[in-house]
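Sequence annotations record features per position, and here TrEMBL assigns substrate binding site to Ser45, Thr67. Residues or ranges marked as domain 'D-isomer specific 2-hydroxyacid dehydrogenase NAD-binding' by TrEMBL: 111-249. The NAD(+) binding site annotation in TrEMBL covers Gln127, Val128, Asp147, Thr175, Ala206, Ser207, Arg208, Asp232, Gly257. The active site feature in TrEMBL is assigned to Arg208, Glu237. Among the features that TrEMBL reports, active site, proton donor is placed at His254. Residues or ranges marked as domain 'Erythronate-4-phosphate dehydrogenase dimerisation' by TrEMBL: 290-368.
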Amino acid sequence: MTIFYETSMPYADAFFACLGPCQGFSGGSVTPADLRYASMLLVRSTTKVDEALIGQCEKLRFVATATAGFNHLDLDYLRKRNIPAYVAAGCNAVSVAEYVLSALVQSAGRLQWQWRDKTVGIVGAGQVGSALAARLEALGVRYLLCDPPKQAAGDNREFVTMDAIMQCDVITLHTPLVKNGDHPTLHLFDATRLAQLSSNQLLINASRGEVVDNRALLAAFESGRKLNVILDVWEREPDIDTRLIPHVIFASAHIAGHSIEGKARGTEMVYQAACEQLAMEANLSLADFLPPAQPECFTLQDPQPADIDRLICAVYDISQDDLRFRQQMRNASDFSALRKHYPIRRECSAYRLNAGKNSVSQALYGLGFQPV
């Protein structure tokens, strides 16, 4: 038995070494010959797992990805081979939700509005959309949910139509990429839907690049349309259309979910799934590896509403990623490098908060800050 794992997973060596013979590889570099004797293949999104890669891997018994997305896995082929596949669904949900909160805070000045007075339309009520909704709820921000598949499946939350979402001040996208079926999301925001946006609305895409038609978006910008857009994901990554960058409020390299907790949580979830496959007890946890946050604690003597915005951006400031992206992004290699060499970023839950018990402090605790 040999376990092959992508070394870009945080703490992968420590998590997987205890499972048996292991071999690490750099994302995207593994070949079919390398995997000839693999029994488990553990990857991130940079490794495409399909027949071309694993067709000759006769010993392969388990595939897992330490990412919430799974478009890089050929699930039909894995089912055909009767190879179980595991996806670390929701591993980076909190990270993406905090990316959106920072985007809302930092774009408020440019849009000249008080963002907590606006209505946020959340398209996609899965792990990420639900994490964002919980945080908006804690802050007292009105939001609407749209998720036709979940609504059809009997989810008892209150949902609205896309027509209602199109009336919201903020529209933030958190759907998987679905190309067929009753509820496709491919080019959900096509030229027609983009034409419905006004200059007073904000569109955020932190889901999959193909959910927004990038060519139609560029055409709208170049025609003189005043649109307020934030893009973390792009069509044809990593070879994106860089002509969009000057037009958007904030731009980043598909890193919304790249907090160290978000990435390492994926490693932990894959480790737990591998242990289950091997009928082994999972004795390691993420808490064994994460370093203390710096600073470890924030202190507020008399928390005020402005402190909410300040602390959101103290934990994660989207403008820093935007600046790095605009300075370094020239080609596909730059896009990949920005992802590969992303700096350490923590989530609110990594920090303790000494702020008493007024309404503002309760809202901050609802964002994940740990009370002292």
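Residue numbers in this text run from 1 along the chain shown.
Here the Cβ of each residue, glycine as well, is placed from N, Cα and C on the backbone.
If you draw a 10 Å sphere around the CB of Gly257 (NAD(+) binding site), it holds 25 other CB atoms from the protein chains shown. Its Cβ taken as reference, His254 (active site, proton donor) is surrounded by 23 other Cβ atoms within 10 Å in the chains shown.
Secondary structure of the domain 'Erythronate-4-phosphate dehydrogenase dimerisation' (290-368), assigned with DSSP and counted as helix (H, G, I), strand (E, B) and coil, comes to 42 helix, 6 strand, 31 coil. Distance from the CA of the residue listed as 'active site, proton donor' to the CA of Ala206 (NAD(+) binding site) is 7 Å. The Cβ of Ala206 (NAD(+) binding site) has 25 neighbouring Cβ atoms from other residues within 10 Å, across all protein chains displayed. You'll find the Cα of Glu237 (active site) roughly 16 Å from the Cα of Gly257 (NAD(+) binding site). Looking only at Cα atoms, Gln127 (NAD(+) binding site) sits nearest to Thr67 among the recorded positions Ser45, Thr67, His254.
For Gln127 (NAD(+) binding site), the Cβ neighbour count at a 10 Å cut-off comes to 18, with all displayed protein chains included. Arg208 (NAD(+) binding site) has His254 as its nearest neighbour among the recorded positions Ser45, Thr67, His254, going by CA to CA distance. It is Glu237, among the recorded positions Ser45, Thr67, Asp147, Arg208, Glu237, whose Cβ has the fewest other Cβ atoms within 10 Å in the structure shown.
DSSP assigns Ser45 (substrate binding site) to coil in the three-state reduction, placing it in neither a helix nor a strand. Cα separation, Gly257 (NAD(+) binding site) to Ser45 (substrate binding site), rounded: 12 Å.
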